[in-house]
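TrEMBL lists Asp162 with the feature active site, proton donor/acceptor. What TrEMBL lists as substrate binding site is Arg59, Asn61, Glu79. Look at TrEMBL and you will find Asn112, Asp162 tagged as divalent metal cation binding site. TrEMBL lists 13-221 with the feature domain 'SMP-30/Gluconolactonase/LRE-like region'.
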Amino acid sequence: MGFTHQASAGDYYSSVSSVAIRQSGGYVATVGTRFCTLNWEDQSLTVLYTVDKDKKNNRFNDGKVDPAGRYFAGTMAGETAPGVLERHQGSLYVLFPNGTVEKYFDHVDISNGLDWSLDHKIFYYIDSLSYSVDAFDYDLQTGKIANRRSVYKMEKEEYIPDGMCIDNEGKLWVACYNGGRVIRLDPETGKRLQTVKLPAEKTTSCCFGGKDYSELYVTSAWGGLDPDKLARQPEAGRIFKITGLGVKGIAPYAFAG
């Protein structure tokens, strides 16, 4: 796309890891270890804040805007191979609409999926190598989180929890990296309600889209697959659309800054 300030092609630490709508126009994004604004019209990128300056190997991973317009995003160490990295180097950060950034906690392995309950009282979060979907009490007014607990532990065949989103019934959809599936969870009971298998084992994230948010889009990766597995999974690395689920997603929140 050739945005200004963008590093040369293939620069891992300038990779875009999340993008969100900005209320005042354009987008916000996490690029490398930077919170940025993105102007699509003139293809410019403006750095708002840089995190993890003491950890040169780190980068942002997943990020999402909360119901009050704050941008939550977490970091991780660079991988030497998919899922292979120095442990406990990441943190969860929040970019507030006034431009300030706060670190919420550290000692994260791979900061990943995140979303909020429909009543805006719970924040759901995945640190992939914990093999757990966690919940926090969440204060809509301040954005503060507290009282971390696990609401779902991954089954062996589900492998590693990656990206996540919530549907309009308050259930969570989690992409299972190396599991070739997305699963639907009830965070109140801790039960898996549904499994949708895909023709790519490295499923990475999911979100609802389409005119009425009734379509589930699932991303996948091919990095780390040997030639034999690649031959058996010709669709690895593609984006999949799942229809007919009988539930819908909710519209994304916009960054208020």
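Counting starts with 1 at the first residue shown.
Backbone N, Cα and C define each Cβ position, glycine as well.
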Original post:
How many whole Å apart are the CA atoms of Glu79 (substrate binding site) and Asn112 (divalent metal cation binding site)?
Top reply: 14
Subject >> Candidates Arg59, Asn61, Asp162 (recorded positions) with Cα within 10 Å of Asn112 (divalent metal cation binding site) >> reply: Asn61, Asp162
Original post:
Quick one, of the binding-site residues Asn61, Asn112, which Cβ has the fewest other Cβ within 10 Å?
Top reply: Asn61
**OP:** Using a 10 Å cut-off, grab the number of neighbouring Cβ atoms around the Cβ of Asp162 (active site, proton donor/acceptor), all chains included.
**Re:** 27
Subject >> Fewest Cβ neighbours within 10 Å, where candidates are the binding-site residues Arg59, Glu79 >> reply: Glu79
Original post:
Just the number: how many Å between the Cα atoms of the residue listed as 'active site, proton donor/acceptor' and Asn61 (substrate binding site)?
Top reply: 10
